[in-house]
Amino acid sequence: MFKHLRRWFVTHIFGRSRQRARLVSKDGRCNIEFGNVDAQSRFIFFVDIWTTVLDLKWRYKMTVFITAFLGSWFLFGLLWYVVAYVHKDLPEFYPPDNRTPCVENINGMTSAFLFSLETQVTIGYGFRFVTEQCATAIFLLIFQSILGVIINSFMCGAILAKISRPKKRAKTITFSKNAVISKRGGKLCLLIRVANLRKSLLIGSHIYGKLLKTTITPEGETIILDQTNINFVVDAGNENLFFISPLTIYHIIDHNSPFFHMAAETLSQQDFELVVFLDGTVESTSATCQVRTSYIPEEVLWGYRFVPIVSKTKEGKYRVDFHNFGKTVEVETPHCAMCLYNEKDARARMKRGYDNPNFVLSEVDETDDTQM
C-alpha cells in the first residue's frame, strides 16, 4: 500500500512540477520545431505542392478549397466582363438590337460572374452563352473549361487522398499507457501491450523501438537525442505478427540492453524516452502505415505485469475485455537485471560445487607422494 502511495505521490506531485520534454507524444505526433529556415528552403514546400496540400490541416485545406473555386470564378468573371466591355456589349454603350455580342445577356459584373460560374461548373442554364462573334471569347471559354477540370481534379483528389490516408487507420491501433518490467520465461523483460481495434488485419506487421537519451562521447561531445535500437519480440517472433488479438510485446533486458544497468530505485531518475514503432500494410487498401507512441521513465512500472484480457465465452468465441487493457498487477520482480543474472550465476556455481569461479578443487594422488 505504501508503495502505491509513494508512486502516486511522485507521479502527481513531482511529475507536475517537472514535465519532461517528449519527442513523440502518446498519440504519435512529433514534437519538433524547425527554426531559422531560409526563404529558399521554404520555397521547396511549394515545389512539392501535392505533399504540402496533403499535410495541411483540415481548416486550412478547406480554406484553400473554397478560395480556389471562388477565386477562379471571380477571376474569369472579371475577364468575361472585360471581353464584353472591350466589344462594347454592355448596356451603357447602347448597342444596336441587330448586333451580335460576344456573350449573350451579360449586362454587368454580376452577370459576368454568374456566366463564369455556369461555365466552370458546367451548369449551363442556357440564358447566357458564347457566340461565334469573338475569337477571344471562344479561347477564354476553352481555357476556363480546361482550368476548371484541373482545379476540380486537384482539389477533390487532395481531399479524397487525405481521407483515405493510412494515417487514419493507425488511429485504430492502440498501445498501453504504461510499460511494465517483470520476469517472463525466467528473464527480466520490458513489456508493452498493443491492440488492433478493427477486425481487418495488418499484413506484414513489424515492431521495433528506439531509446532516445542524451549521451556524452569519450571525446566530450554531447549528443542530444542519441538513438539506440530496442528489439521487441513476441512468442512467435517479431516478423509477420498475427495481429488478430491484443499482443504483449517484450524486450529482453540482457547484457546488451540499455536497461541492464538500471534498477527499480533509479528508474524514475533516468532521462530517456522509449519510442515504439509498428509498421504494417492495411489489408483493405494495401497502403503502408506506421503507428508510434513513446514512454518516459514515469510511465515504466517496475515489478508489474498486465492482467489477462482474452477469455473464451460459452458460445466458443474469444472475448477481449478492453476495460482491463491497461491494468497492471504487482508481481515479485528483481530490483535490477544485474542482480537477476548474478543470482543465476551463483546458483550455477553452487550446482557445480563451488562458489568462487577462480577457486577449483583438484585431486592429489597421495600414493605418489608417499613413494617419493
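Using the three backbone atoms N, Cα and C, a Cβ is placed for every residue, glycine included.
What Swiss-Prot annotates here:
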- 1-58: topological domain 'Cytoplasmic' (TOPO_DOM)
- SER25: phosphoserine (MOD_RES)
- 59-83: transmembrane segment (TRANSMEM)
- 84-108: topological domain 'Extracellular' (TOPO_DOM)
- ASN98: N-linked glycosylation site (CARBOHYD)
- 109-120: intramembrane segment (INTRAMEM)
- 121-127: intramembrane segment (INTRAMEM)
- 128-136: topological domain 'Extracellular' (TOPO_DOM)
- 137-158: transmembrane segment (TRANSMEM)
- 159-372: topological domain 'Cytoplasmic' (TOPO_DOM)
- 161-188: region 'Polyphosphoinositide (PIP2)-binding' (REGION)
- GLY204, SER205, HIS206, ILE207, TYR208, GLY209, LYS210, LEU211: ATP binding site (BINDING)
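Across the region 'Polyphosphoinositide (PIP2)-binding' (161-188), DSSP helix (H, G, I), strand (E, B) and coil residues number 8 helix, 11 strand, 9 coil.
Most Cβ neighbours within 10 Å, among the binding-site residues HIS206, LYS210: LYS210 holds that distinction in the structure as shown.
Ranked by how many other Cβ atoms sit within 10 Å of their Cβ, the binding-site residues GLY204, GLY209 place GLY204 at the bottom. Neighbour density at the Cβ, taken as the number of other Cβ atoms within 10 Å, is lowest among the binding-site residues ILE207, LEU211 for LEU211. Closest to the residue listed as 'phosphoserine' by Cα-Cα distance, out of the binding-site residues GLY204, SER205, ILE207, LEU211, is LEU211.
Here the Cα atom of GLY209 (ATP binding site) is found 80 Å from that of ASN98 (N-linked glycosylation site). Fewest other C-beta atoms within 10 Å: among the recorded positions SER25, ASN98, SER205, that description fits ASN98.
All chains included, 17 other C-beta atoms sit within 10 angstroms of the C-beta of TYR208 (ATP binding site). For the topological domain 'Extracellular' (84-108), the list of distant contacts is 115, 127-131, 133-134, 136-137: same-chain residues at least six beyond its ends, Cβ to Cβ under 8 Å. Confidence in the topological domain 'Cytoplasmic' (159-372), given as mean pLDDT, stands at 82. In this structure, HIS206 (ATP binding site) is part of a beta strand by DSSP.
Calculated from their C-alpha atoms, the gap between the residue listed as 'N-linked glycosylation site' and GLY204 (ATP binding site) amounts to 74 Å.
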